[in-house]
Amino acid sequence: MPDTGKKELDFRFPQVLVSWGFVLQPNVDPYRMKILSRISPGKYLLLFLFVALTKSVHADPYDDVRLRWANMLTGGDYQVDEPYLKLKVNDITNAAQRYWKTDFNTASNRTVLWKDLDYSKSSDITNSYARLNVMAVAYATKSSALYKNEMLLTDIIQALEWLNINKYNTTVPLPNGSKPRHVDNWWDYKIGTPLSLNKVLVLLYNELGDSRRAKYLAAVAHFTPNLTDNGFTNGTVMEFTAANRIWICTILTVKAILLKDEAQLQYARKEMNPVFSYVRSGDGFYTDGSFIQHDGTPYTGGYGLSLIDNLAILMYILAKSPWELNNPGLHNIYDWIHNSFEPIVSGSGIMGMVTGREISRNRPITDIGFKRLLDPVLLLSEIAKPEDAKKLQNLLKKWLTRYTALDYKTFLGIYNYGLAKKIAGNASIKVKTEEFYKEFPNMDRVVVHRQGYTFGVSMHSDRTYNYESINNENLKGWHTGDGMTYLYNGDITQFEGTFWPTVNYYRLPGTTVEENTTLTPVQTSRSNWVGGTSIKNRYGVTGMSLAPKGQSLEGKKSWFIFDDEIVALGAGIFNGDHKNVQTFVEQRKLGSTSDTFSVNGVKIIAGESELAMNVSWAHLSGNVPNTDIGYYFPDKPQVHILRNIQSGRWNEINTTVGSDTTLKTNPFLSLWFNHGIHQVDNNREENKYAYVLLPGANENKIKAYAASPDISILENSAKIQAVYEEKLGIVGVNFWTDERSSLSRNGRVYLTCNKKAAVMVQENAKQITVSLSDPTMQNNGSIELLVYIKSGTVISKDTRLQISKSGAALKIKANVAGLKGSKLTATIAK
């Protein structure tokens, strides 16, 4: 055919084309598209394209879904003329080359595939299939130097055969619990291995042929037959929940697509349905945004990410097919994005306090959640209804353009990079910007987002576990649920990088602990009072009645979130264990030993340890922008200060995943109070503490704030903890007992409460707003609050509130039965 200046590219799966500076003309035929872009006689350039979803283009819809999934894994059809795409393809090729050429054993009598995987533990099987998947991706990725490499294909197939004969087949027994779980883990056989194996079968579908595919999938069916068999041979049967359930459904769905098994596919679709519903106990998503896995561990940033990632893939590849997901609760997934996931993202990725034992895994910063969240949200933004898609695009625009420290161009895969670039470069998509306070009552976490920083508190109650440590992971997580605070600012690696192997786990910031003591994992608290309330979803108060199991330690801990300050109070701190009790204001990883720290204007140099007296304020100055922190101490206490170098190894906190033995070191700054050994609460200074954090404050600002603070502490006792913020006109209060208790302000009674409650009141010249909750979740009746203030008509209120006059007070009766810690709010005219 003579060169006419046009070239038609015919795609056998639905496509939409995106061009930067080139003319792309789609054919009217919805099943095919043409590219008409001539740059010189006989030469044509396709810069980049990605899949969008239209009608099926195959006579067999199973093939259509399979090819859509393969296209996502490899990026589809493209030319690597864009620098970032070249880098991505090179990364794919180099990763495959490392596994193929480094210690890969091809001997006919081999007993292992790689020298570092000896199959003494089940994770070696999972890792073997994961490596073969990396090699298969390179083989199937166009423009890779290994694309369609016959030698690579031969080695992959022979390795698959070896694994099927020796390690993963229908005769290998299921784990029976006789070996430790980190050695012989059911998850590897039922989830980890088949997830990777299925991907290899999708990528090498034609090359493997029917008989090999059937043989390998028979092994998958042996270990993962359905949703109600947990894989043990000891007779135990359980039903998989939340993330584990979606993992299994993903395996069954892809297996059904590969086998063209209608019954299996319909079964997998049906078994996803329980995940879409909100739960009130146990594993899954809660209406308040909480996500729990393993009965009581907050896991939004771990298992929650796995759930949303795999579910989004299933929704995407099945969209517009005969098996498109259509459960009525499916829309909840978009609420999860905004209510559960958005709050836990900081400028440095997913907050560590919702990642469970994964904090102890040695992985690159971009692999600790942020990519795992971007991937599914990008896919969902393509298939959502217009209203939901717009909200997701606004959120993605913020993550992609504002969180520049985590540059999506460097870590997204080829396929999703195209989706991301389309959103980031679209000027019509607005950036979602919002400052908010978010309480998660059902997982005992609270998050605050402000311009320049994110703050979080990690607590536990009789409803949630203190920390998880299974499979020899998170071996030192002892106090991570005892009120640990997370302050994310311009130092994006503060809680990433090598923080976790080098931090002193006896001295976590925000915690009150018995000195140098450990706690047993997976323990609930002896107390149910954990939670809080907020006003305008911007200002809040939260609290924790500290009572860890295994110790007699008790204490009341509160945090008050206002405009630019975070107030922390502690009271009623005592124990009968004859142990010194300490509260840690800070343990911060420093950028370098040259970071400046001063107390009352006096610099503390690196390597110093001292006890500072009458401390009014302190200031930490980082070596990158937006890392200053101001500390204000209202009571001018004694403060212990330590600037030191701390060392540790990853394998000291995790011997299973990423167990690096290399010694890591970091400079740290630690600040703390000693409470001594008190067996009763005498309400003395030794039994309490108070400090204020001002993120972003320079030395002049914190000095000025200490001279004229915006806050005043109204009470700090084991009965009531309360703070007033003058500029905002807000009082935050935690009532710790079921006694009728009164709080005074300016010499007169201001509030009276008859039950345990978290309360916040904001007053201005025209109106007052009152918000309250039952943090215990045990009150099956009501809370009665008296507000001694002149008031008029009710402007708005929750239906569970009854408002009336009681003498000189405004009486608010709140029906809190069954509210699970949620707040009730009313606004009344003055």
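Numbers run from 1 along the shown chain.
Including glycine, each Cβ sits where the backbone N, Cα and C put it.
Now, the feature entries from TrEMBL:
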type: DOMAIN; residues: 69-397; note: domain 'Polysaccharide lyase 8 N-terminal alpha-helical'
type: ACT_SITE; residues: H294; note: active site
type: ACT_SITE; residues: Y303; note: active site
type: ACT_SITE; residues: R357; note: active site
type: DOMAIN; residues: 439-697; note: domain 'Polysaccharide lyase family 8 central'
type: DOMAIN; residues: 712-780; note: domain 'Polysaccharide lyase family 8 C-terminal'
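It is R357 that, of the active-site residues H294, R357, has its Cβ surrounded by the most other Cβ atoms within 10 Å. The number of other CB atoms found within 10 A of the CB of Y303 (active site), across every protein chain shown, is 25. Residue pair H294 (active site) / R357 (active site) shows a Cα separation of 12 Å. Each residue contributes its Cα atom, and for Y303 (active site) and R357 (active site) those atoms are 11 Å apart. Under DSSP, H294 (active site) is assigned to coil, being neither helix nor strand in the three-state scheme.
Per-residue pLDDT, averaged along the domain 'Polysaccharide lyase family 8 central' (439-697), amounts to 96 for this model.
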